[in-house]
Every structure is written in C-alpha cells, then in structure tokens.
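Engineer: Would you mind keeping the following structure in view while I ask a few things?
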Amino acid sequence: MSTHSETVSSIYQQIVDRNPGENEFHQALYEVLETLSPVLEKQPEYAKNKIIERLCEPERQIIFRVPWEDDNGEIQINRGYRIGFNSALGPYKGGLRFHPSVKIGTMKFLAFEQTFKNALTGLPIGSGKGGSDFDPKGKSDNEVMRFCQSFMTALYRHLGENTDVPAGDIGVGSREIGYLFGQYKRITQRYESGVITGKSPQWGGTWIRHKATGYGAVFFCEEMVRAVHNEELKDKVAVVSGSGNVATYAMEKLRVIGAKVIACSDSSGVIIDRNGIDVDTVIHIKEVERARIKTYLDFHHDAEYIDGGNIWDIPCDIALPCATQNELQQADAITLVKNGCIAVCEGANMPSTPDAIKVFQQEGIAFGPGKAANAGGVASSALEMQHNATHGSGFEYSEERLHEIMNHIHRDCCDTAEEFGEPHNYVLGANIAGFRRVANAMLAFGII
Ligand code: NDP
C-alpha cells in the first residue's frame, strides 16, 4: 500500500467515525476516495492543503421541521433537509428528493456525488442536495401543495440565485417545483426565477430541462459504447429500470436513435413489451394518471407484467439503471454479464453497488458512473440559471448544446483515465477529473 493509499484509508475511517450510521454517504465516499491515490501522488499540494478532508465535510447542513395539515384535518410532521456541500465553483446546486427513505445520510451521499458531477459539467455551479421523508404517493394535489408551502416557508431564507438553487429529484417534478417556487415568490415578494430550476417553460424554465438527464445519459452511453466496443446503440436491445423522469426520457432517446427498449419498472414490478416500450403510454400513466406501471397492460395487451420482478434478469445488450441507489447488486451484474450485456450506463445516482461495479470492470463491460452519465440534468439547470439571469432575452439552449456537454464530459473522463494508465475506467476518470476542478478552486481560495 502506498503512503497515499494509507492516507486516504485513514481519512475515510475518520469520516466514517464522525458520521456514524450514514451508510450511503460512506459508500459514496469510499467509491471516490479509493480512486484518488494516483492524483495525490502526482499533485502533493492537494494532500498538503488537506483538500480531501475539507471536500468531504459539507459546508453547511440545515435540518428543519415541516408541519402540514392533511385532507382529514390531521396535522402531519415531516423532516426537511438541505445540504450545502461545496461552493468552490458556484452556488450550491442540486435537487430535492421527497421519499420516505430520505435520511441525513441519503442527503449527504447525493450532495457529495453532486460535487464531482457539477464540476464535470465545467459550468459555474457548486453542489447541494435536499429533500424530505414526505411521500407524495397517494397524496391529493392540495396535500402536496400544503406540504411544499410549509417546506419552502422553512427553507426560503437559505436560498437565493447566488446562494443555493434547488431543482427536482425523486418525487419532485414540475408540480412540486411550481408549488415551491410559488411559495418562495409569495414570501419574498420577489420574482427571482433563478432560485429554482426545472421550472415550466411558461414561467422561466427551458423546454429541455425535464428531458435532459435521460437524454444526456443516452448520449453518454452512445459515446462510451463507441469508445469501448466500437459499436453503435442502433438495433441494440435495452432495459431501463424505473419509469420516472430519468427513465422515461432515456427510453424516448433510445427509441429515437434506433435501440429497442423492451422493459422498464417501478418499485412494484417490471413491464416487458417485446414490441418496444411505448414511452407515450408511460408518460400518460406516470404524469397524468399518477398510477402504477402495471397499468401499462390496460393499453398494451401483448405486454407482460412481473409483480416484484427483477429487471436485470431480462437478457439485454444495454442496461440503464434509472431508478434509485443500490438497485443493481453483484448477483444482478453477474446475470447481466452472463446474458451478454455489453454496457451499463447509470441514469440514477449510485444505482450499482461497489461489488457490481467490480464485476463490470473485471468482465470488460463498458460502465458509465452516474456522476458523469447523468450530469445532463444539472448542466441544463445551470443553463436555465443563465437564462434567468438574462431575464429571458438572448439565450438559446438546444438539445445540441446538451449533446456537446455530454460529449465533453465523456472525453474528459476518457482522457483522465488514460492519463492515469487506466483506459476506459470511467469511474476513475470521472472522480479524478471532477476532483481536480474543485480542488484547484479550493486551493486558490486559501484556508476556507
Ligand atoms: P422519479 O421520482 O421521477 O422516478 C423514480 C422512478 O424510480 C419511479 O418509477 C420509481 O417507482 C422508481 N423506483 C424507485 N425505487 C425503485 C426500486 N427500488 N425499484 C424499481 N424502481 C424504483 O425520479 P427521477 O427519475 O427524477 O430520479 C431517478 C434517479 O435519477 C434518482 O437516483 C435520482 O437521484 C437520479 N437523478 C435524477 C435527476 C433528475 O433530473 N430528475 C438528475 C440526476 C440524477 P415508484 O413510483 O414505484 O417509486
């Protein structure tokens, strides 16, 4: 073990001891830190200035009570969070997640990942994440509105277009963004569009934001499959987990470029449609009916539904995990390899466990980590902020721009992996490329 790997292991242990029980945060830290020794070796100023120790400690962590009244007149209490992880490159930027599984460790893992992802975009954004253990599923529109208003009433004083700019994530789509922005505007008496992104294009959003994460993941996957296997996605068979925002638009773009998506899922089960998943039906079910994916069978009688099924058991060439963290485990990775899968590209944040990633790397499967592959969403958010700063004039943001940004991120990961002697190791490439950009800014600012 080199001195630098010993240093990194000891830093990791100190952070784990200081943040007990935050397993997802520990996992995200481990995945990054285990790849950083070579860059510490090459550039000793990072270790000397304790950049890693500083980078792993969030700048601020806000936890607050969110009381609201349900439709039966009962008072409900949830917990809200907002982590400002790193502002070396710009205001805190990252989504809000409303899901019953949300805990402080979930927030910190997501905000930590966001640090590297946002740096990879090359745009002026720092990192943050927030959310609540509130479950929007099964709630009426009025209940969701009252919850969002209470959440924003507690949080608004910490936000601002130059301070901290939230967006959506699991459980937070355009409906929730509307209620949150409405309450911010009402309390502050300011129409500060750039304080939140993922807005509807009618009131300050960009038309492509809600598609950008899914589209971007496919653009990244396309480049990666070319670079690693010298192949095209056209005519490949794909499976995409989840059926929310990221999954839907990944499926749409895969279809447009000629791949065939035969399966998607939600947390209850898996839909298989050998004719190709009909994305318009998925959008209708999820955004209009707000129903379970099983409802797909009402529209497509040839399709099959497996209650509680595992999407990774379905043979495919390309797999895109687009649902949630740790949804793809070692046994799933082994099954995918056995079934001939050639590429796995993460639309979700940290969906593959470290054991699963090891399998892909050992077997020569092209593997695109979420912090690089799903950066299209936050990149388009940064452009939405720029658009808002111009008060809506003279700004054009197109799908071509998103494509360019994703190709640039892909190239950056590839070049960095090659520089450190590990060609096609996108995990190492993404971690080191993102780290260097943030670390260099932190060095320039002195001890803060
Ligand atoms: P959504 O809430 O729109 O969709 C999440 C989807 O995942 C739902 O279909 C949900 O099903 C499904 N899901 C959740 N848990 C499981 C599970 N255990 N097994 C199978 N399906 C599951 O969220 P997003 O699409 O916005 O986010 C998905 C992932 O992408 C997250 O990891 C998020 O952090 C990441 N991401 C999102 C970005 C964005 O722009 N939205 C940007 C970058 C990353 P159900 O309805 O049953 O819960």
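Heads up, the Cβ atoms here are built off N, Cα and C, so glycines get one too.
Just so you know, TrEMBL annotations never went through curation; they're auto-generated.
Model, not experiment: these values are computed from the prediction.
Here's the feature list from TrEMBL:
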ACT_SITE  Lys129  active site, proton donor
BINDING   Lys93, Gln114, Lys117, Gly168, Ser381  substrate binding site
BINDING   Thr213, Asn245  NAD(+) binding site
SITE      Asp169  site 'Important for catalysis'
Engineer: Ten-angstrom check, please: count other Cβ atoms within 10 Å of the Cβ of Lys93 (substrate binding site), all chains counted.
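Structural biologist: Around Lys93 (substrate binding site), other Cβ atoms within 10 Å: 29.
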Engineer: Where the criterion is a Cβ under 6 Å from an atom of ligand 1, which of the recorded positions Gln114, Lys129, Asp169, Thr213, Asn245 meet it?
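Structural biologist: By the Cβ criterion, which requires under 6 Å to ligand 1, the hits are Asp169, Thr213, Asn245.
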Engineer: Given the recorded positions Lys129, Asp169, Thr213, Asn245, find the one whose Cα is closest in space to the Cα of Lys93 (substrate binding site).
Structural biologist: Lys129
Engineer: Would you kindly give the Cα-Cα distance separating Asp169 (site 'Important for catalysis') and Lys117 (substrate binding site), rounded to the nearest Å?
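Structural biologist: Computed Cα spacing between Lys117 (substrate binding site) and Asp169 (site 'Important for catalysis') is 15 Å.
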Engineer: Ranking the recorded positions Lys117, Lys129 by other Cβ atoms within 10 Å, which is at the bottom?
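Structural biologist: Least crowded of the recorded positions Lys117, Lys129, by Cβ count within 10 Å, is Lys117.
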Engineer: Rank the binding-site residues Thr213, Asn245, Ser381 by how many other Cβ atoms lie within 10 Å of each Cβ and give me the one with the fewest.
Structural biologist: Asn245
Engineer: Tell me the coarse DSSP state (helix, strand, coil) of Asp169 (site 'Important for catalysis').
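Structural biologist: For Asp169 (site 'Important for catalysis') - judged by DSSP and reduced to three states - the answer is strand.
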Engineer: Taking the recorded substrate site as Lys93, Gln114, Lys117, Gly168, Ser381, identify the other residues of that chain whose CB atom sits within 8 Å of the mean position of the site's CB atoms, giving them in sequence order.
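Structural biologist: Other same-chain residues near the substrate site: Gly94, Gly95, Asn118, Ile125, Ser127, Gly128, Lys129, Ala167, Thr197, Gly377, Val378.
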Engineer: Pop the Cα-Cα gap between Gln114 (substrate binding site) and Asn245 (NAD(+) binding site) into the table, whole Å please.
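Structural biologist: Cα to Cα, Asn245 (NAD(+) binding site) and Gln114 (substrate binding site) are separated by 18 Å.
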Engineer: Which whole-number value in Å describes the distance between the Cα atoms of Gln114 (substrate binding site) and Lys129 (active site, proton donor)?
Structural biologist: 8
Engineer: If one measures from the C-alpha of Thr213 (NAD(+) binding site) to the C-alpha of Asp169 (site 'Important for catalysis'), what distance in angstrom results, rounded to a whole number?
Structural biologist: 11
Engineer: How big is the Cα-to-Cα gap, in Å, between Lys129 (active site, proton donor) and Ser381 (substrate binding site)?
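Structural biologist: With distance taken Cα to Cα, Ser381 (substrate binding site) is 14 Å from Lys129 (active site, proton donor).
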Engineer: Taking the Cβ of Gly168 (substrate binding site) as the reference point, list residues of the same chain whose Cβ is under 8 angstroms away and which are at least six residues distant in sequence.
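Structural biologist: Result: Gly95, Leu96, Ser174, Glu176, Ile177, Gly198, Asn245.
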Engineer: Quick one: Cα separation, Asp169 (site 'Important for catalysis') versus Ser381 (substrate binding site), in Å?
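Structural biologist: That comes out at 12 Å between the alpha carbons.
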